[in-house]
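S.K.: The structure that follows is given in the form of structure tokens.
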Ligand SMILES: Cc1cc2nc3c(=O)[nH]c(=O)nc-3n(C[C@H](O)[C@H](O)[C@H](O)COP(=O)(O)OP(=O)(O)OC[C@H]3O[C@@H](n4cnc5c(N)ncnc54)[C@H](O)[C@@H]3O)c2cc1C
């Protein structure tokens, strides 16, 4: 649903200009320094980019799902560090509060997340709870007016720079699976420590690390929604929206890589003609352009359905699966179209994009987990299971 076309066009134009004029010239530097210049993060704060999906009542832009995915496709036509920096606040870092927080919890944290004063993150995954996310071992024991958290989280995006953590922990000690699990909003403070940022295959400038809880006392008022045992339902709400968001964030880099590849093949001449004029190269352009179009179309359709209040569990999973795999295929073709220059960092940004986008097929549900989920929901929809 698009609420106001003129406002949205203005925002999309602003993002486009920012990405092309401010971010693209800095991509190499961000990758080299493995850091985003603080003044650029401040600029993102001033622009309100941290608050896209936070409701207007709490200081955000209150984008609908359709507006959010359109903005995400624009912002992500860049190296992944950019959207990774703002993306947890516009997605998994704030969404549990937006979906299930009490009014008091929303008032307390969302306005400062919307301005980017606070950076949020989602701490779900653990060493023994990856694809099997419900195997959460982190415990939250009630002690008077507090919960005491113990355990550890792994692979948490933005943990090293986060101020607030949405933490999924087991409140019913001894319970198994998704039952007895609750969601908390935990502020950085005593008992919570984050590890050193990992050394990763790609996405330089984006920080990911472990999170440790060592008798971390959290006021009971920070139990999201004020009810124990509903943490997994909250996470599923977050992920259903986030899968559409992430699918859009997979589409932007594919658009950028194809743009770069078309530019390169149009200028690069071999055998007396531009390589873009060879039909075998054109096949790679055609396949990439077609798949980008398919991803964009399905994401927009699912986003509109979500805005209408429809259940998008199946379509969101299909979008994440298709868009992340599509992006991987486009990255591979882009390397091919650039030839040796696609492999050598000195000659093109394509090798960096290729490494950056590899993660898309792993996090927020691996492709295999989405295949299983899609089949399960499709069979159920057909009344056969
Ligand atoms: C850089 C990075 C950032 C991340 N950010 C976050 C974050 O912000 N918050 C957060 O909570 N998590 C985050 N994650 C965690 C991410 O979601 C998990 O890594 C992912 O869910 C996979 O879990 P795993 O790594 O333990 O792999 P595993 O579950 O060990 O899977 C290993 C392989 O086995 C396959 N497999 C597993 N189970 C099945 C099955 N039943 N059938 C078929 N194949 C199967 C998988 O598809 C995969 O190929 C991040 C991960 C990374 C690497």
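Heads up, the Cβ atoms here are built off N, Cα and C, so glycines get one too.
Whatever TrEMBL says is automated annotation, not expert-curated.
What you are looking at is a predicted structure, and each value in this text was computed from that prediction instead of being measured.
Sharing the record's features from TrEMBL:
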DOMAIN    7-117  domain 'Acyl-CoA dehydrogenase/oxidase N-terminal'
DOMAIN    121-216  domain 'Acyl-CoA oxidase/dehydrogenase middle'
DOMAIN    229-376  domain 'Acyl-CoA dehydrogenase/oxidase C-terminal'
S.K.: For the domain 'Acyl-CoA dehydrogenase/oxidase C-terminal' (229-376), report the average pLDDT of the model, please.
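M.R.: Mean model confidence (pLDDT) across the domain 'Acyl-CoA dehydrogenase/oxidase C-terminal' (229-376) is 97.
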S.K.: In the domain 'Acyl-CoA dehydrogenase/oxidase C-terminal' (229-376), how many residues does DSSP put in helix, strand and coil?
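M.R.: Looking at the domain 'Acyl-CoA dehydrogenase/oxidase C-terminal' (229-376) with DSSP, the answer is 121 helix, 4 strand, 23 coil.
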S.K.: In the domain 'Acyl-CoA oxidase/dehydrogenase middle' (121-216), how many residues does DSSP put in helix, strand and coil?
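M.R.: The breakdown for the domain 'Acyl-CoA oxidase/dehydrogenase middle' (121-216) reads 3 helix, 48 strand, 45 coil.
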